[in-house]
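Asker: Mind looking over this structure? Questions follow.
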Amino acid sequence: MDRPKPRSRLREEEILEEQKQPFVEQSLHHDEKDGPDFDTASITRSGCIAAVSTGVILSLLCLISGVYLLTTNQATLGASASISTSGREAISLAINVILALCTDGMMFVHSVSLRWALYREERLEFNTNIRLFTSSKRFGPNKWYINLVALTCLILSYASSSVLLLSDPHVVQSKNEDHSSLLINATALVALGLGLTGQAVIAVWCLVSSYKLIPTWSCNPLNTASAVMQNGDLTHRPGRCMLSVHQREMPSQETYPMDRQGNMFQLQGMVRYILALLWSLALLAIAWPIAIAAVSKSIGNASAAGQSSEPLCWRVGFKWDTTSLACSRNYVTLSLSPYANDHNPNSATFSYGAQAVLCVLFVCLIQVSQTVALHCLELLVNLSRDEGIWRQAYSETREAPGTQLATNPFRAAVSSWENVVLFIAKAVLHWIIGQSLVPSVTKEAPKDMESFASIPVEDLSTYSFKHGFQFDMVYSRLIIYAILAVLVATFATYLALRRPRGRQPPALGHLQTLVDLVDDWKTDQGGRMWWGDKTQVEAGQVRHAGTCWDKTVLGPICTARYAGG
């Protein structure tokens, strides 16, 4: 008879076996006494530090360069350059893509901080929470007024990026007809720096104050549930192996598997408000080009609404470029100085510097509803992502890839089509707003000019014009924006109303439901586990469903009563 190996020897062999396994399991926290393994996600934490560092660097670059341009170019408050129109549009899109990456990276730290702040306050129910509208009662970086600051900085960042590159037709252009002059708006550059600085400060605050208070930086709902379970705050409740998150208030009982699962819309009341907000934004986006087209038709060949001009022929045009021909004019000009709009002597005038600030604030006012709506859309996307991770554990055909506790954060983000769509929506919608408004610097007639229209063209050079800011709202581009807004609202509606397929109970990131559905947290060498029928007795008895690291021992869910586990 073989003698049993000493406990120390067994532990050494376990360690050697762990070292042979793939890297995905090397960061797993293990404590046999407390509960299952969970991934501390040290790589994600390092990525968060890198993202925050990048945000700090970009904010400093924007602030320093913006202040430098303001002090060295006080006449124009910016730097002039010559570039093709398509090149300027491409640069603007690239800026929005970089900005979306930077803000998402920094605010991911804020969302992880919120998750575990709610946990310490015993208020954590779901893995995903709507970050800027869910606050902590005790933890500073996630209090409601800090959330308000974070939202303001986010709006300021996107708004300033929309007016960073201004058309400047009064600068001498290059001989290349494809090139046009632009002005790098130093005021917007400083505003962008301030917005990024605010978000960076909040992210650094989260890192410093909660660095040792966060057990895992992973956004995987199973990993979060495992970490909470190991700390003893959640326990597995037997008899709930077939009860979904929609049945979380029901007592443990025998139940048949459902062929039609519940959706997000039935789960949280907040989802209804998010859909209402997104569809309201879509309706406003539809009304906007209609209103601009109507005004464009009514003002004829006048330079702006409010100026006297007889309407000429007019027809709808869908050209991307602005055209000023009266019959096919596709934009309406709005100057930030009231006098420049109607040349009424009683109208107010603003200084060039004041208009530069108003330029940013005006776009902030336009961007606020869109920024809030896209942030709220994150809740639906992340709930869908959480459910997708859980549903990788089961397939009727037994071909499920298996769900993992330890995942590569970059791979998880790229492989989630919902996250990809959300990221594209953020970058493109904010970009198309800037392209639809077409901000520019113009020369305004002085208020003491008696009759601008009666002055011969050859005498205009004797008058001193002052610089001002204006927006050319192009309804053909606004139509594209309206289409995109409707598509985003449709995407959100699809996520909210979609019912998961199969008999696997949905959890939607609800931690207690996940703990009830998972009865075995062991994973295979690839860090995977599967869910399915684990009944060992003959059919006809009350059956049991649960998880296992070996998918071969699991069967498909059948039409029978389940209550095991």
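A Cβ is built for glycine as well, from the same backbone N, Cα and C atoms used for every other residue.
So TrEMBL lists these for the protein:
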- 1-36: region 'Disordered' (REGION)
- 1-20: compositional bias 'Basic and acidic residues' (COMPBIAS)
- 27-36: compositional bias 'Basic and acidic residues' (COMPBIAS)
- 48-70: transmembrane segment (TRANSMEM)
- 90-114: transmembrane segment (TRANSMEM)
- 144-166: transmembrane segment (TRANSMEM)
- 186-208: transmembrane segment (TRANSMEM)
- 273-295: transmembrane segment (TRANSMEM)
- 352-381: transmembrane segment (TRANSMEM)
- 420-438: transmembrane segment (TRANSMEM)
- 478-497: transmembrane segment (TRANSMEM)
Asker: By Cβ distance under 8 Å, which residues at least 6 away from the ends of the transmembrane segment (420-438) in the same chain are close to it?
Answerer: 89, 92-93, 96-97, 99-100, 104, 158, 161-163, 167, 322, 331, 363, 366-367, 370-371, 374, 377-378, 381, 414, 471-474, 477-478, 480-481, 484-485, 488, 491
Asker: Taking the transmembrane segment (273-295) as the first stretch and the transmembrane segment (478-497) as the second, find out whether 3 or more Cβ pairs fall under 8 Å, excluding pairs closer than 6 in sequence.
Answerer: yes
Asker: Counting CB pairs under 8 Å, which listed stretch among 48-70, 90-114, 478-497 touches the transmembrane segment (352-381) the most?
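Answerer: Top-ranked stretch among 48-70, 90-114, 478-497: 478-497.
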Asker: By a Cβ-Cβ criterion of under 8 Å, what residues six or more beyond either terminus of the transmembrane segment (478-497) are in contact with it?
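Answerer: Contacts with the transmembrane segment (478-497): 263-265, 271, 274-275, 278-279, 281-282, 285-286, 288-289, 292, 318, 373-374, 377, 380-381, 383-384, 418, 421, 425, 428-429, 432-433, 436.
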Asker: Report, as numbers and ranges, which residues of the same chain sit near the transmembrane segment (48-70): CB under 8 Å and 6 or more residues beyond its ends.
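Answerer: Residues 77-79, 98, 102-103, 105-106, 108-109, 112, 184, 186-190, 192-194, 196-197, 199-200, 203-204, 207, 217 contact the transmembrane segment (48-70) from elsewhere in the chain.
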